[in-house]
Amino acid sequence: MSKNSDALLWYHGKITREVAVQVLLRKGGRDGFFLIRDCGNAPEDYVLSMMFRSQILHFQINCLGDNKFSIDNGPIFQGLDMLISYYKVISDGLPCKLVDFCVGKIAPLYALKYGLDTRLHLACEEKNPNTVKELLQDSVIKENVNARSISGLTALHISCSNGDNDIVAMLLNAGADASAIDANGRTPVQVVCFYNHASTLHLLISKGSADFLKRSPNNGWVPLHEAAMRGSLECVKVLLSFNASMYPRSLDGDTPRDLALQYENYNVVEFFDNYPVNQPKTSITQWLHQNLDRNGALIILQNASMADGSFLIRSSIKCHGYYVLTLVYEKKTYHFQIKSRADRWFYIDDGPLFETLPHLVDHYMQYADGLPTLLQFPVPSAENRKRPLPPTPTKNQLKLPVPPSRPIKNNNGLPQPLPYPEFTNESDSDIFTRLECEKEKPLPKLPRPVVNHTEVPNSVNVGQKGDQTMKNNAQQNIILKESISFGKELGVGEFGSVIKGIWLSPGGKEINVAMKTLHKDKMVQGEKEFLREALVMSQLNHPCIVSLLGVCLGPPMILVQELVEMGALLDYLMDYQPEIQEVDLKLWASQIAFGMMYLELKRFVHRDLAARNILLANKKQVKISDFGLSRAVGTGSDYYQAKQGGRWPVRWYAPESINYGTFSTKSDVWSYGITLWEMFTFGDLPYGEMTGNEVVSFLEHCGRLEKPDECPIHTYSIMLSCWHIDPNKRPTFNELHSTFSTDPEYEDVRIYRDRIK
């Protein structure tokens, strides 16, 4: 038996409570001695029986579906193995931590996040349909068809990644769960979209009844997001043929079209833009009520027998464009706000966007998609009950402002992000009084959870408390607008400009400065990020990092930084290649590693390390700049998970950052390797003319940038170590800095550095 399987021997199957007590007492042990058994009352639940102070206590482990488990109201875990691992570290409601287990048998592999590699997994990996067919004749193997491998994959996930339709069909016939999630939170549908297996996708939905609206717990993507990001146009077509919503939103607020645009899949963008919008199947006369409050809605639904799925929609008297869906489920009424942006995009909570209210109703009549049940029985108003209901509404009948056939676009051609409406128990009057002016305010992004229950410090949170913290910290170094004068523009970007200026310090000294400003149309969106960047920089003090002198609150808001005279390293590399020696490149590499080591110690991740963001003070000194994407990581965590969308520099990003939005010092190390490559190619674009999507595919197939002509073998080996697929096997910045400080290969750098001190 393998070491991995030995760790899973805590399961005792269908033993009774009394037998569990006898087994634990007979085996003996200290506090925290435990076993897991089946729950007699609930077939999908389990029971934790454990010893504490010579007594045996029992705790029901509730199965919440989707291989998720929890004890009472405690944390939710994917897999029993993750639940046990957690309670071995912290008691968190149990009388003590779990310690040793009473040896039983192998736990059910379908109830784990990380199981064992079975013969079925291996046969699927080898694409051997005959072996798979033979194995599925075994009743035990068939019963465990949803078992997870040591990598957290079901057999169906493996075959879907291969696009092996014959094996997929056999697995579905054997009862494979077409909506199960793997260790990365992806369903088989998301896997086939990732690998662009359109025929397999059709098979999963048509034969396996796969849930193609299921969201990834990591980023909130549905399969259409995955297909759009990968440029899998045929998969996009299949999903839309099954009436998938065109505009679901991720946790970042991105629609599939947004991702297609970000990853330069312009054929997918064009397809979305030209896809015909179907006429809605329902009419507002079937379910819309005017001048109706919550109590009135309840009375109408009670008179309509309160059948599950009965519903109506009522408009707000005070706030035009807002609606409330009142839905009956198990004799209770549920109220969901329906918001819209400029009477155009309608949505419930973090659900998809719809071009009209009837389109929203159509969707939820077909898919519950977060609601407690389908919309089934529309209840018309008294006025409309007296007239025949039209089978299909026309635009004139809608009596609602008709939106354009495609998403609203902002100046960048991107669909505008929409807010996350809170579910509330307030009265309708309170809701809409509070929201009356919200349409004029900047719309918030969707929240997403902090990883591993580790709270990111307030200073980097997006919420109101975090905003106030940022403002308070920034105001410690306020610079009056009257004390600065503006000079020439040094550079311009998507969100703002950098302007050379002079600051008259409180001591009366004139100091040359660089001032970062926002474009007028980016004021609302960018001010919070400016404050965030100011907060990050205010906590840093290092010779290899650009210093923040203060913040001018304006208007406009300005970040006032030290002026780094020679500008971006990228420009210098391209413009002055003949003047740059190998020792210069090595010196700069050592200084960048030194500055990043400092960030590593301060528990910051930069997230945008690139030659364009390294500035030259002089030929002998570089400084790391541009902390607009930088984030702190919480105590007890080594990584940060992105909460915001936007355009990411994919060419500089590690695979885990591209795929899962996970950033750490180790993802910064990957970017450091790309920056080294830029330096030794004198400013070449990483991956040349590849699109963002092609870069992702190149990396997944173990592709790496080639050695630059002017790069020593030893330095290229450092780059390759930075690009290891396993983040834990990449060097730390401390190790990188040590290499430049102690390795004989870089003796010339140390001599040069000592000479210029």
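Placement of Cβ uses the backbone N, Cα and C atoms for every residue, glycine included.
What Swiss-Prot records for 10-102 is domain 'SH2 1'.
Across the repeat 'ANK 1' (115-147), the DSSP tally of helix, strand and coil residues reads 19 helix, 0 strand, 14 coil. Per Swiss-Prot, repeat 'ANK 1' is recorded for 115-147.
Within the model, the repeat 'ANK 2' (151-180) carries an average pLDDT of 95. What Swiss-Prot lists as repeat 'ANK 2' is 151-180.
Same-chain neighbours of the repeat 'ANK 3' (184-214): 78, 152, 154, 156-157, 160-161, 163-165, 168-169, 172, 176, 178, 221-224, 226-227, 230-232, 234-235, 237-239, 242, 244-245, 248, 367, 369, 660, counting only residues six or more beyond its ends whose CB sits under 8 Å from a CB of the stretch. Marked as repeat 'ANK 3' by Swiss-Prot: 184-214.
What Swiss-Prot records for 219-248 is repeat 'ANK 4'.
If you look up Swiss-Prot, you'll see 252-281 marked as repeat 'ANK 5'. DSSP assignment over the repeat 'ANK 5' (252-281) gives 16 helix, 0 strand, 14 coil.
For the domain 'SH2 2' (287-379), DSSP puts the residue distribution at 20 helix, 32 strand, 41 coil. Residues or ranges marked as domain 'SH2 2' in Swiss-Prot: 287-379.
The region 'Disordered' feature in Swiss-Prot is assigned to 381-407 (among others).
Per Swiss-Prot, region 'Disordered' is recorded for 444-467 (among others).
Here Swiss-Prot flags 455-467 as compositional bias 'Polar residues'.
Here Swiss-Prot flags 484-740 as domain 'Protein kinase'.
For L490, G491, V492, G493, E494, F495, G496, S497, V498, K516, the entry in Swiss-Prot reads ATP binding site, with the evidence type sequence analysis. Look at G496 (ATP binding site): DSSP puts it in a strand. Within 10 Å of the C-beta atom of G496 (ATP binding site) sit 23 other C-beta atoms, taking all shown protein chains into account.
In the three-state DSSP scheme, D608 (active site, proton acceptor) falls into the coil class. Residues annotated as active site, proton acceptor in Swiss-Prot, with sequence analysis given as evidence: D608.
What Swiss-Prot lists as phosphotyrosine is Y746.
Here the repeat 'ANK 2' (151-180) has long-range neighbours at 66-67, 110, 113-115, 118, 120-121, 124-125, 127, 129, 132-133, 136, 142, 145, 186-189, 191-192, 194-195, 197, 199-200, 203-204, 207-211, 214, meaning same-chain residues at least 6 beyond its ends whose C-beta is under 8 angstroms from one of its own. By a simple count of nearby Cβ atoms, those within 10 Å, the most crowded of the binding-site residues L490, V492, V498 is V498. Residues 186-187, 189-190, 192-198, 201-202, 205, 212-213, 254-257, 259-260, 262-263, 265, 267-268, 271-272, 275, 345, 350-354, 363, 366, 369, 407, 415, 446, 448, 660-661, 693, 696 of the same chain, all 6+ positions outside the repeat 'ANK 4' (219-248), place their C-beta atoms under 8 angstroms from a C-beta of that stretch. Shown for the domain 'SH2 1' (10-102): DSSP residue counts in helix, strand and coil, namely 21 helix, 33 strand, 39 coil. Of all the Cβ atoms in the protein chains shown, 20 others lie within 10 Å of the Cβ of D608 (active site, proton acceptor). Here the Cα atom of G496 (ATP binding site) is found 17 Å from that of D608 (active site, proton acceptor).
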